[in-house]
Amino acid sequence: MINLRKTHPLMKIINHSFIDLPAXSNISAWWNFGSSLGVCLMIQISTGLFLAMHYTSDTLTAFSSVAHICRDVNYGWIIRNLHANGASMFFMCLFLHIGRGIYYGSYLYKETWNIGVILLLTVMATAFVGYVLPWGQMSFWGATMVTNLLSAIPYIGTTLAEWIWGGFSVDKATLTRFFAFHFILPFIIMALVIVHLLFLQETGSNNPSGINPDSDKIPFHPYYTIKDALGLMFLLLVLLSLALFSPDLLGDPDNFSPANPLNTPPHIKPEWYFLFAYAILRSIPNKLGGVLALLASILILLVIPFLHTANQRSMMFRPISQTLFWILTANLITLTWIGGQPVEQPSIIIGQLASILYFTLILVLMPLAGMFENYMLEPKW
């Protein structure tokens, strides 16, 4: 009997990608986040589709249409809560996935890593335009503040900002186009995910030890499908707990008020997953300098593969690099906290020091640690 799974043109691709895929036998739970991100994307697209059926992208009715979804649409409240908190879960998995890549040296698969960074930027853009759609106070002022950063670009800045707005300020045209962007971007993300996986198939997955695992491979199914299923259960448990028990925990109270261009909130801040970059932006007094630092805080991921100086790929057996990695993690948590604080002392100086430390760790200390560890491993007799 012919095995359709291995012969059918379409099934064959799925089989080689998810069933008979040779996987390293020692990959840990840190490798679960790729599949978790895939499920997050599916949840976001499916809940988003149902929300788009009832949402109206008009400044007069956007806020009330979201209220209508929660009050009058059948199960609208759970769809909206899953979508809003699903974004937080998405970014949580993204940050852990990137952290794992840095810790275990997965960034040395340069093509996969670079597509991953492009994916991160696309997801951030999608989340930003999505946050504007409910047209609450923080939606409106967040959109005004972030799009206004474009005006810091010399010569073309103001023209560019007005082109994005579709007028002289954030208004109806802006909301309509942001809804269009928010609808199309997840499908672009899906295409990029396929490219990300294609590049990963070329090299095979990395593993905690960082050494070539070709001599010891096992099939992806059933070993890692079961393991991923456990990770997905945890993901869904946290997501459902958030959506059902405290759906507004990660939101901003200001967004319960309709957008009012005449009333500025006392403290404009983005969602929690952008706060680290927002803190870096705020730590530089100059507008253009802040925008460049904001971009650098994300694009620095692209230079990490070129800063790898250690002879070993993974940090598993490199205690100095491990220490620096966990300092970087603590530093990012500090930046996230500072980004949510009002602009006053001591928050300003803490933010500036944490921003300097962020770039110093990645650009200077981690490459130096790799070189020092190489020296320590050299035989001295």
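Glycine is treated like the rest: Cβ placed from N, Cα and C.
Here's what Swiss-Prot has on this protein:
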- H83, H182: heme b b562 binding site (BINDING)
- H97, H196: heme b b566 binding site (BINDING)
- 33-53: transmembrane segment (TRANSMEM)
- 77-98: transmembrane segment (TRANSMEM)
- 113-133: transmembrane segment (TRANSMEM)
- 178-198: transmembrane segment (TRANSMEM)
- 226-246: transmembrane segment (TRANSMEM)
- 288-308: transmembrane segment (TRANSMEM)
- 320-340: transmembrane segment (TRANSMEM)
- 347-367: transmembrane segment (TRANSMEM)
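This view paints the features noted in Swiss-Prot onto the structure.
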{"residue": "H83", "record": "heme b b562 binding site", "DSSP class": "helix"}
{"residue": "H97", "record": "heme b b566 binding site", "DSSP class": "helix"}
{"residue": "H182", "record": "heme b b562 binding site", "DSSP class": "helix"}
{"residue": "H196", "record": "heme b b566 binding site", "DSSP class": "helix"}
Neighbour tally for H83 (heme b b562 binding site), based on other Cβ positions within 10 Å of its Cβ: 21
Closest-packing stretch to the transmembrane segment (178-198), where packing means Cβ pairs under 8 Å, from 33-53, 226-246, 288-308, 320-340, 347-367: 33-53
Remote residues contacting the transmembrane segment (347-367) - C-beta distance under 8 A, at least 6 residues beyond either end: 279-280, 282-284, 293, 296-297, 300, 303-304, 307-309, 321, 324-325, 327-328, 331-332, 334-335, 338-339, 341
Long-range environment of the transmembrane segment (320-340) - Cβ separation under 8 angstroms, sequence gap at least 6: 99, 102-103, 269-270, 272, 274-280, 282, 310, 347, 350-351, 354-355, 357-358, 361-362, 365-366, 369-370, 372-373
Beyond the flanks of the transmembrane segment (113-133) by 6 or more, those residues with Cβ under 8 Å of it: 55, 57, 62, 66, 87, 90-91, 94, 98, 101, 106-107, 139-140, 142-143, 146, 174-175, 178-179, 181-182, 185-186, 188-189, 192-193, 195-196, 199, 270-271, 273-274, 298-299, 301-302, 304-305
Residues that sit under 8 angstroms from H196 (heme b b566 binding site) by C-beta distance, when 6+ apart in the chain: T112, I115, G116, L119
H97 (heme b b566 binding site) and H83 (heme b b562 binding site), Cα-Cα, nearest whole angstrom: 21
Around the Cβ of H182 (heme b b562 binding site), the count of other Cβ atoms that are within 10 Å: 22
Rounded to the nearest Å - Cα separation of H182 (heme b b562 binding site) and H97 (heme b b566 binding site): 23
Residues near H97 (heme b b566 binding site) in space but at least six apart in sequence (CB under 8 A): F33, G34, L37
